[in-house]
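Engineer: Quick one: this structure, given as structure tokens, is what I'll be asking you about.
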């Protein structure tokens, strides 16, 4: 029951927040509940077997029998860290939004908790329709978060976000239904279970564009690419980020984008191995273009939040590159980079939110010399900047290094180009850092009527766990990689004939996917 | 022709008898009281009692697969489910009539009498398998409806709506009757059951029969607003008092689709590729026209009206699926389930619209919803649920309605129709989001009308809860529908 509790506790929390009578303590309640959720999710480690390659802690029963749709959840080394990333970031987000969200506080936390359920469900669902329900559900609270608590152009941004991502995923739904019929053809029994999908032999007639596998591949890949967001379907992201309130940006960059890359890892690559291999060049190209394009556009942004938003396009390009390298370095690095990006970019958005709260502006040119006024803030910002540009000993370095190593092994050409993104990343981040923190004091900084205050205890509490993670993940990557290694290796080695087994709790025997019921 | 009417026939049509008797109560009482209205609540109570009785009788006798009146009526799963959905929609609409400024007043008894008579026509329509019976049901339902719309004491709009509805409805009836004549000419009978098994063959061999079927289908395309015969829908939906619109959009639509389904289920489509293609294109065009026009509307009711055209397009996909599949039950249950979901969310949406109307001539624009979420968080939440469900966002019932229907279409190889349907639902998202945007994200002071609307509020909340909760148990409901059709 542990997975179900992790997924649905937040939904219960949302209800609790909704009926909580005291408006002034809603924040405390929400914070407490989200910490409980985090602690509950930590209990995963108690029974997680890092050496197993299959699905663990599986819960499944028939949901819609007519179509073989199951309530089916399971966890492995790939989803484990994404679940923890989600539960780890949520209390931080609540604490970070303590003073920035002042209106409709209750509604905000309800949205946040519903969103948490949707995201966790997406990472844990192992049935296609069940997965799709969570996938789409996640749009609704995010839509409200940007639309209600966002900036001036929030309505444009939030509608664009909703329509873009929805447009991507409806074709995926058609593909899912089609695959359910394929399972019926193959086994006589309709099923939407991912494990049954893995068993399908979908025809791929040597590279022709209209082979069935290619079409299904693109139906899924489009949905995930929009979510990632990969170049050229990334345009909703800068808008959404700029207009979203700080917590919305953090959750968007921290977790929601990972639903896309996770989708590639869990669904696209193992389900359509030949098509993935054939079209890998396209996605590596998209990834590489994204890295360079995102970095170049970030460089010229006058708005610091937009800069970080475009840097996300760049960073997510790395992940795509790593995943389509199809080797342990690339995929492992890709997964690691998902966590890194969640932490570093999440932290960057929080930091930007803190300074925005003080000055109500995000324009780089109006800052300058901030280091002299806000020393603690500067230190935190510097550490996170280092992590973002992947300086050794920080988390970012490990991920990017592995990805480039993996890419070099499989497609060196892409690695040559992608590596320039490392340099460009350093350029735009450090240049921004220089302009904001050093030099002449800008008009916002020296405004004597509103002296800037350095970080308070609450804000430091928000940032410290993130900084700890930056160094922990940078210095001891094996603490994290060891948990995913078996699953990643299994994916890499059996990509063309992938299957997942269900690991029975407490027993050493492994049941085969098809037999396990 | 030998007509034997036995007790079993009377038992089978007992739901209609119950409805009819209940419809007489209010006007009889009014006559006995010297032409004075009894309390509206009593009138409503009498009507609802009749509806509940009819539903119970329909549950008891409905799914028995028996025919009555010389194969004129059939009481199978379609009758039962569609009948119950239509009656529930009609009941909910009557609750709204009770509180609506346009419909309460001196003539409430007459209104309820007409609505109940229309409901009797609906029950005939869902069970009719003889084309003349279909015609009787259709006319009984429609004539009462024309009167209902026209008799509201609202000014111009509803009179105009009634006239439009009457003229175009009569046109549709004429087309239908014309088709029936052709069918009679070519087969010597009007009973669907008599040519059920060889309709596909007849379509190929007899030009006359093909014409007949085509005209009958076109008649229904008018009734269920399939493009290009949809043009009356927005005007009539907007012009009619809101409870009447809810009545039309749910109950009338459901039973019209039921009768349509019976014609299509003859598999005449499989006999003619041209007819099959034309209907597919009409489905696609209906979705596009409905959605594209809905985007441009600022009037809330008109937007829902155009969106209901789009939903007819989706339903058409289900109908075509049911028409071509060997296992017709799957496609048909998709249609029934979709209508169930559609009925709940449409009634809900119109209930909210009715609450926002300050007087019978008040037009509710989408912009008027500004600030509604702050004023009435509960009702705003309900409307959000309805709109998200209409847009097909999981885990609402609307999503499962689309999922089951398009699932059937894909299963029958109508992949391209399913893709069109899915892409169109993305367009739908755009305009369904607009009221939500305005409600939650724009400042304003939208307030519901001053008069008390408790029953309408309860209706809205119940519908919203049903939409969310039934989503989780949609599987068993769908299986139950399908099983009853096999």
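Including glycine, each Cβ sits where the backbone N, Cα and C put it.
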Engineer: Can you identify, from B:62-80, B:81-99, the stretch that TrEMBL calls transmembrane segment?
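Structural biologist: It is B:81-99 that TrEMBL annotates as transmembrane segment.
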Engineer: Can you say which of B:208-233, B:234-259 is given as transmembrane segment in TrEMBL?
Structural biologist: B:208-233
Engineer: For the feature transmembrane segment as recorded in TrEMBL, pick the matching range from B:145-163, B:278-296.
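Structural biologist: In TrEMBL, residues B:278-296 carry the label transmembrane segment.
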Engineer: With a cut-off of 8 Å between Cβ atoms, can you find at least three pairs linking the transmembrane segment (B:81-99) to the transmembrane segment (B:453-478)? Only pairs 6 or more residues apart in sequence count.
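Structural biologist: They do touch: at least three Cβ pairs between the two stretches lie under 8 Å.
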Engineer: Report, as numbers and ranges, every residue of the chain located at least six residues beyond the transmembrane segment (B:278-296) whose Cβ falls under 8 Å of a Cβ in that stretch; write 'none' if there are none.
Structural biologist: 217, 221, 225-228, 230, 234, 269, 303, 306-314, 316-317, 320, 414, 417, 420-421, 424, 427-428, 430-431
Engineer: Please indicate, using numbers and ranges, the residues of the same chain that are 6 or more beyond the transmembrane segment (B:111-129) and have a C-beta under 8 Å from a C-beta there.
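Structural biologist: For the transmembrane segment (B:111-129), the nonlocal Cβ contacts are 15-16, 19-20, 22-24, 26-27, 43-44, 46-47, 50-51, 54, 58, 67-68, 71-75, 78-79, 82-83, 86-87, 90, 93-94, 97, 103, 136-142, 144-145, 147-148, 151, 191-193, 247, 251-252, 254-256, 258-259, 262.
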Engineer: Can you find at least 3 Cβ pairs under 8 Å between the transmembrane segment (B:336-356) and the transmembrane segment (B:165-188), where each pair is 6 or more residues apart in sequence?
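Structural biologist: As far as Cβ distances go (cut-off 8 Å, pairs 6 or more apart), the transmembrane segment (B:336-356) and the transmembrane segment (B:165-188) do not touch.
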Engineer: So which residues does the transmembrane segment (B:377-401) touch in its own chain, when a touch means Cβ under 8 Å and the partner is 6 or more beyond its ends?
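Structural biologist: Contacts of the transmembrane segment (B:377-401) (Cβ under 8 Å, skipping residues fewer than 6 from its ends): 307, 311, 337-338, 340-342, 344-346, 348-349, 352, 355, 425, 428-429, 432-433, 435-436, 439-440, 448, 457, 460-461, 463-464, 466-468, 470-472, 474, 478.
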Engineer: What residues in the same chain, six or more past the boundaries of the transmembrane segment (B:41-61), come closer than 8 Å to it by Cβ-Cβ distance?
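Structural biologist: Sequence-remote neighbours of the transmembrane segment (B:41-61) are 11-12, 14-16, 18-19, 21-23, 25-26, 29, 75, 79-80, 83-84, 87-88, 90-91, 94-95, 98, 108-109, 112, 115-116, 119, 123.
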Engineer: Counting only residues 6 or more past its boundaries, what in the same chain has a CB within less than 8 Å of a CB in the transmembrane segment (B:12-29)?
Structural biologist: 38, 42-43, 46-47, 49-51, 53-55, 57-58, 61-62, 64, 66, 68-69, 73, 75, 83, 108-110, 112-113, 116-117, 119-120, 123-124
